[in-house]
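As structure tokens, the structure follows; a few thoughts come after it.
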Amino acid sequence: MSSRLHPDIERAYRVLETGEPVSLELASALGRLPESEVLDLVSLANKVKNLYAPGEGGGVHACSIMNAKSGVCGENCRFCAQSKHNSAEVDVYGLVDEAKVLDQARALHEQGVGHFGIVTSGYGYRKVTPEFERILGMIDLLHRELPDLKVCASLGMLGDEPAAELARHGIAHYNINIQVDPGRYGELIADTHSVDERIDTIRRLRAHGIAVCCGGIIGTGETMQERIGMIFALQKLDVTVIPLNVLVPIDGTPLEGAAPVSVPEIAKTFAICRLAHPSKIIKFAAGRETVMKDFQGLLMLAGANGFLTGGYLTTRGRDMEADRQLAGQIARFS
């Protein structure tokens, strides 16, 4: 090992050699690295990704979502345009009809998307309601009409009965994020519900055999060490997919004036996440195009092996053809 590497990065090379996650102690030390050392850390994270999480066919995991029910959410998430507690401008509509879901899913699938997520605003579903039954019908329709498409969902917090029904209807992944270090959820994200309600949902889903997609947001006011706390909380939950979002400040939300996190700090976060989760799918989600801009490829080399394409819930995404080209370019570094 070259003596020019920072000693903590040298120690972290054990992840590459063994496939074992970095320790919390070492991750915390890596979080304190100066910005001048970040590219060496990125290089290690890319090597770990290529060896232990190379992606589908050696490529990039890509998924798309549809905002199937928008706005008037009773939760007070500080980053979210859809909360009725915030004054952001956002489209408001109830659950769309299944034909609209099928049309959008088919269009995305024809462009090469393999995973499609149905997303709804609101707390979630403690019980199976008529609206929830409509969502189950959408899932069944997509399975019938697009059998090669993996159908996913993000419907908020769930009771046991709705979780069991999603398993019975063959959902591929369920997204529910813890967003930040659990100890700071109430302060940084929301206090109309607790992070424990999210964690309980994750455990219910896993008990029914559903793979969970769970990650967080960079830029809510958390420290680097608190980001690492979130990363290690995800280890304990043993989730399958980890989406990392970079905050896109939205006018009319409490975080509209949030200070941006530096590119090296974000890259460091992605790299540490990869070293803590050597074989997981780590997806770069919101903020890829609007915040990272010219540096989004750097995060794909800092350990990410997937991204959300085709747009987000209330912000626009990038052209899917451009994303296909990006995926091809990233693959050349494998």
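Just so you know, the numbers here start at 1 and follow the chain as drawn.
Cβ from N, Cα, C; glycine included.
The domain 'Radical SAM core' feature in Swiss-Prot is assigned to 55-285.
According to Swiss-Prot, the feature [4Fe-4S] cluster binding site maps to Cys73, Cys77, Cys80. Following the DSSP three-state reduction, the secondary structure of Cys77 ([4Fe-4S] cluster binding site) is coil.
Taking all protein chains in view, 25 other C-beta atoms sit within 10 angstroms of the C-beta of Lys283 ([2Fe-2S] cluster binding site). Summarising the annotation, Swiss-Prot assigns [2Fe-2S] cluster binding site to Cys152, Cys213, Lys283.
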From binding-site residues Cys152, Cys213, Lys283, the one whose Cα lies nearest Cys77 ([4Fe-4S] cluster binding site): Cys213
Collapsed DSSP category at Cys213 ([2Fe-2S] cluster binding site): strand
Cα-Cα distance linking Lys283 ([2Fe-2S] cluster binding site) and Cys73 ([4Fe-4S] cluster binding site), given in Å to the nearest integer: 25
Fewest other Cβ within 10 angstroms of its own Cβ, chosen from the binding-site residues Cys77, Cys213: Cys77
